[in-house]
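Written below as C-alpha cells is the structure these notes are about.
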Ligand SMILES: Nc1ncnc2c1ncn2[C@@H]1O[C@H](COP(=O)(O)O)[C@@H](OP(=O)(O)O)[C@H]1O
Ligand SMILES: [Mg+2]
C-alpha cells in the first residue's frame, strides 16, 4: 500500500517503466547514430592525423581503385582551388606560426578543396585512415559518390587489381600545396596531392597542377604516367629549394656542392618534386635535386616520395633515413630528393645539420 491511500497497480508501473525506456531510447538513438556516422567517416573530423583509424575487420582495398579515386580527388580539389583563386575572394587567414615564425596560411581554396578531396576518398573507402591538412567540418558532410570507373591510362599501366588490407593503409591529403604562393597569385607553384601509404611505406602518389591541368601519378611496382628525365647533373646540380620556408638551405647547398651550384627558389613541395621529372607543363622549371632543411609535414611530401620511389628515385631525410607515413604528421630531419643519381653518395656529402647549426 502506497502512502496517502494511493494504490499502485503492478501493470501500471510496468507500462510507466516501458514508456520511460521508450523515451530514453528515442533520445539516445539519435545521438548514437550521429556518433556512429561520424566514425564511419573517419572518426574525429578535423585536420591533422584524424580519427581512430580503420576498423580491424575493414577487409581489403584495391590500390588500383584507390589510385583512380585519388586522381579524381586531386582534380576535383584542384577545381575548387582554381574557382576560389579566379573569384579573387580567398578569405586568407593565419592558422598560427611555423616553428621558424612564418605565417601558416589557409584560404577558402584550402578548405573547399580539402572537403571535396576528403569526402570523395572517405565515401569510396570508409575503412581507411585518412589524414588531411585542413579541418573537416562534420556538420558540413558531403557524400560524393565515385562511379567506379578506372581511367584507361591507369588500366593500361596496371593490368590487375592490387588488394591490400584496409587497416594497413594511411592516406595523406594536401588540398592545396604552396598556399603562401597561392595568396601571392603565383599560380604555377600550386598543386593538390594525394598519397597512399601501406604499412607506412609510400605506395602511390598523385600531384595535380590545377592551373595547367596537369596530373602526375605513379604506383610503386605498378606503373605511372610520368617518367624521369634522361640525365641529371650530379657534380654541379641545380637545386630547387623553398622560397618561403628556406631556413639555411642555400648555405647548406653551396657548402656541399660549391659556389657554381644554381639555386632555384620555388614554392610547394609538389612543384619541387615535379622539377626533378620529365614534365611537359611549360610553367614547370627543371632541377637536379630538391633539398629542404626545416620541419615539414607528411601531406606535403608523401605523394612526391611515392612518385620518386615508383620511378627509381629517392626521398629521404638529410641523413638518408626513409620516412614512415604513419603516426605523427611531421618530420624533423630535412629532405633530400633525387632521381637518376647515387642518393647515398649525396647523403654522404651533406653536412650534419645538428653539428653545423644549419637547421
Ligand atoms: N618549416 C615548416 N613548417 C611547417 N610547414 C612547412 C615548413 N616548411 C615547409 N612547409 C610546408 O611545406 C609545403 C612546401 O613548402 P615550401 O613551399 O616552403 O617549400 C608548404 O605546404 P602548404 O602550402 O600545403 O602549407 C609549407 O607550408
Ligand atoms: Mg596545404
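Counting starts with 1 at the first residue shown.
Using N, Cα and C of the backbone, Cβ positions are placed for all residues, glycine too.
TrEMBL annotations: computationally assigned, not manually curated.
A quick note: this is a predicted structure, and the numbers were derived from the prediction, not measured.
What TrEMBL records for 6-28 is transmembrane segment.
With a threshold of 8 Å between CB atoms, the same-chain residues lying at least 6 positions outside the region 'Disordered' (86-106) that come near it are 134, 179-180, 182-183, 244-245, 247, 294-295. Per TrEMBL, region 'Disordered' is recorded for 86-106.
In this structure, residue 174 (Mg(2+) binding site) is part of a beta strand by DSSP. Spatially close to residue 174 (Mg(2+) binding site) yet at least six residues away along the chain are 133, 191, 192, 193, 194, 270, 299, 300, 303, judged by Cβ distances under 8 angstroms. What TrEMBL lists as Mg(2+) binding site is 133, 174, 176, 177, 300.
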Just to be sure I understand, if DSSP states are collapsed into helix, strand and coil, how many residues of the region 'Disordered' (86-106) fall in each? 2 helix, 9 strand, 10 coil
In three-state DSSP terms, the structure that residue 133 (Mg(2+) binding site) belongs to: coil
Below 8 Å Cβ to Cβ and six or more residues apart, same chain only. Which residues does that give for residue 177 (Mg(2+) binding site)? 190, 191, 192, 193, 268, 269, 270, 271, 300
Residues within 8 Å of the 133, 174, 176, 177, 300 Cβ centre (excluding the Mg(2+) site residues themselves): 110, 173, 175, 178, 179, 191, 192, 193, 268, 269, 270, 297, 299
